[in-house]
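The structure under discussion appears below in the form of structure tokens.
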Amino acid sequence: MTTTAPRDEQLWSRCDGCASLLYRKRLRRNLDVCPECGSHARLDAPDRVAQLVDPDSFTPLPERAVRVDPIGFVDALPYPHRLSAARTGTGLDEAVVCGTARVGGHPVALAVMDFRFLGGSLGCAVGELITRTAERALADATPLVLVTASGGARMQEGALSLMQMATVSQAVAGLREAGLLTVSVITDPTYGGVAASFATNTDVVLAENGARLGFAGPRVIRQVTGATLPEGFQTAEFLLRHGQVDLVVPRHALRGRLTALLAAAEAGRRVPVPRQEPAPRPAAGADAPAAAPGPARDAWETVRTARHPGRPTTLDYLETAFDGFVELHGDRLGADCPAIVGGVARLDGRPVMVIGHQKGHTTAELVARNFGMASPAGHRKALRLMRLAARLRLPVVTLVDTPGADPGVAAEQQGQAAAIAENILALSVLPTPVVAVVTGEGGSGGALALAVADRVLMLEHAVYSVISPEGCAAILWPDSSAAPQAARALRLTAADLCRLGVVDEVVPEPRPAAHGDPAGAAELLGRAVTANLAPLLAVPPATLVRRRRQRFRRFGAARAADLNVQRDALRNGARTEVAQ
Ligand SMILES: [Zn+2]
């Protein structure tokens with residue numbers, strides 16, 4: 001916002017976005033967001049702190065900025081003169097304000113950059129202060145929140161400024177090792193060395209509406225390449241589309257989003273990590289027979305039910321079976337795949353990381369979500385969230401509903417096979433409980449990329465298969481019209497897979513199926529996941545991983561004899577349970 005004539009300065013401001021003349025008090029009440037056009041004016045660090053943290057909870061760090069002029073830099077003015085002018089102009093010691101505070105009742109260590117101070121540039125003192133803030137977070141075992149606003153590294157301190165990117169990053173790494181949440185809040189503008197270090201190497205990256213972030217600024221890119229830059233280049237929305245940030249958040253929602261993330265991280269830390277293996281006891285439902293299936297259906301009919309457009313999707317379950325979902329976007333490498341959704345949510349009061357395939361109910365929704373077929377970016381987003389969950393000690397719940405991974409040309413170019421392979425590997429050693437639920441179609445490798453779990457559940461009318469019945473029929477039968485026969489032959493129903501030991505438990509659906517009573521289906525799903533998750537929380541991570549690997553080890557040929565017994569049971573149409 002540009003203030004008008006000095007006499008009116010305290011009363012009126014002109015919006016940089018729409019040029020409206022705004023009553024200053026009204027603007028302040030609206031968090032310096034223009035009520036006319038929604039433009040977010042830049043905030044200085046003290047105002048930002050006041051908006052973000054609980055009242056009276058901010059305590060500045062005792063450390064003062066050190067005065068440094070390491071290389072005796074002089075341009076039109078000696079560097080110390082510029083520093084003095086910045087100090088006078090802002091009332092700050094340096095381009096960052098650091099301290100501890102509470103946000104929504106949760107303790108944090110907080111560093112907030114101020115663009116007014118030499119363009120928020122990152123020099124030795126700023127690097128030192130942010131590093132001290134991270135060290136304080138580590139000492140207090142609290143999350144770290146960094147609010148960035150910077151043109152980049154401070155030229156006047158030469159290569160020592162460049163080193164600050166590494167100094168702060170190694171402190172962020174320390175928090176990562178300790179399983180403490182780090183969040184950056186990108187504000188306008190965030191560029192250069194700050195963008196290429198602690199603004200983006202944190203666990204969660206939130207971008208405020210209207211923020212721009214990039215390594216090189218638009219002017220430099222135009223000069224170097226001569227290219228015309230696309231509309232909205234480097235804006236928050238552009239970054240979201242290209243997988244660079246988790247969320248774009250309007251200013252008034254920042255506190256709420258931060259609070260939800262901090263609550264999830266705090267809950268993960270409250271649960272003590274079990275060191276001793278508990279006395280062996282059966283996992284939930286291991287003794288009980290799988291939920292009594294309804295009247296036997298033909299496998300092809302089940303395939304059609306599993307694909308019913310009214311069947312609840314992952315986002316439906318997140319609305320109904322879970323609470324407080326905060327979606328996290330992007331693979332941080334260039335894309336945000338719409339066929340995979342994920343983020344933190346609560347299940348029965350406990351924070352979990354939920355990751356699932358997303359289809360849709362209408363043709364438009366299905367097209368927008370690529371029919372639930374994940375791209376390599378989708379698998380990489382899932383991988384990022386799995387690893388984040390493990391660091392924060394949050395259990396992972398996956399909801400599987402995909403015809404298969406995206407079979408397109410671009411997906412192949414971007415390494416679809418390797419992306420799936422990496423997820424299977426990562427899940428098999430993930431040191432946190434994982435419960436997978438096949439809710440609709442469990443199609444091939446795309447499904448398995450989310451289903452290497454401690455407990456694998458399957459909805460009563462879901463299917464899980466190495467290939468679609470149509471695909472199988474086209475290859476092994478004269479033509480794809482033999483899909484119903486192929487469906488029967490593939491043994492892809494929940495009851496069949498339970499007998500084969502691929503699935504641990506069948507989750508019953510309301511009659512006739514989930515699409516007839518989505519709320520009822522959500523309740524049954526929530527109950528089943530909660531029951532299966534509870535015993536896993538008492539298992540030390542190393543034991544979890546060992547058991548999970550054993551679980552999948554047993555599908556090897558050494559178990560062929562057992563599998564033959566199961567095959568005979570299937571052939572006889574026996575409904576008897578086969579001992580695991
Ligand atoms: Zn405006």
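Cβ atoms here come from the backbone N, Cα and C positions, even for glycine.
Feature list (source: TrEMBL):
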DOMAIN    11-280  domain 'CoA carboxyltransferase N-terminal'
ZN_FING   15-37  zinc finger
BINDING   Cys15, Cys18, Cys34, Cys37  Zn(2+) binding site
REGION    269-299  region 'Disordered'
COMPBIAS  282-297  compositional bias 'Low complexity'
DOMAIN    285-535  domain 'CoA carboxyltransferase C-terminal'
Could you break down the residues of the zinc finger (15-37) into DSSP helix, strand and coil, giving a count for each? 6 helix, 4 strand, 13 coil
Fewest C-beta neighbours within 10 angstroms among the binding-site residues Cys15, Cys37 belongs to Cys37
Excluding Cys15, Cys18, Cys34, Cys37 themselves, the Zn(2+) site's Cβ centre has within 8 Å the residues Asp16, Gly17, Ala19, Ser20, Leu22, Pro35, Glu36, Gly38, Ser39
Other CB atoms, at most 10 A from the CB of Cys34 (Zn(2+) binding site): 21
Across the zinc finger (15-37) the predicted model averages a pLDDT of 93
